[in-house]
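What follows is a set of notes on a single structure, which appears directly below.
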Amino acid sequence: MASSGDCDAEGDALPARKASSTDPSSLLQSWPPTPVNPCTRVHATCNTNNSFVRVDLPGAELSGILVSEPGLLTNLQYL
């Protein structure tokens, strides 16, 4: 099971991606910087250990630098 520290690190990875992206469709506007539970973010799916397994951003047309923080998403199967 993931520790709360792991969940916090994973929760920080998505806002880092948002901050480094150009988001012309405003798809990431729904991602608050510090939600109570990062797994409640729209377009993100977690497993039973509250670890991200899927981030689905269809047609988002995101551009920008892919920061290193998504490497913290060790259980991610789909981006």
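Cβ coordinates come from backbone N, Cα and C, glycine included.
What TrEMBL annotates here:
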- 19-31: compositional bias 'Polar residues' (COMPBIAS)
- 8-43: domain 'Leucine-rich repeat-containing N-terminal plant-type' (DOMAIN)
- 1-34: region 'Disordered' (REGION)
Helix-strand-coil residue split for the compositional bias 'Polar residues' (19-31), DSSP-based: 5 helix, 2 strand, 6 coil
Integer average pLDDT (0 to 100) for the domain 'Leucine-rich repeat-containing N-terminal plant-type' (8-43): 74
